[in-house]
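One structure below.
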Amino acid sequence: MQLYTYLYLLVPLVTFHLILGTGTLDHGGALTERRSTDATALKPEPVLQKSAARSTDDNGKDRLTQMKRILKKRGKNARGDEEYSKFIEREREAGRLDLSKFP
């Protein structure tokens, strides 16, 4: 009879202690916020795809791809011949160009 009395008092106490102490149920479901945030912190972060990591311009186009196309079109020149002559002309008109340094 005494054994049943102790078990009657001990079983709810042990169950209550296990639930609050571990913070989980039988299947690993989180009961407390503290345990759920710890579990979230252990999850790996998603890896960014290349397209998500690249910046885009106002039209939503990929800047890196656009720059590659422009450079491929220009060839080995830093600027195309037309761009270079327009740049020289603008600088001459603005008076910021020293004519002795450029042809």
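Positions of Cβ are set from backbone N, Cα and C atoms, glycine also.
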Exercise. Given 3-33, 34-64, which one carries Swiss-Prot's region 'Disordered' label?
Worked result: 34-64
Seminar exercise, completed: Out of GLU82, GLU83, GLU89, the listed recorded positions, fewest other Cβ atoms within 10 Å surround the Cβ of GLU82
For this session: Write out the long-range same-chain contacts of GLU93 (divalent metal cation binding site), meaning residues 6 or more apart in sequence whose Cβ is under 8 Å from its Cβ.
Result: none
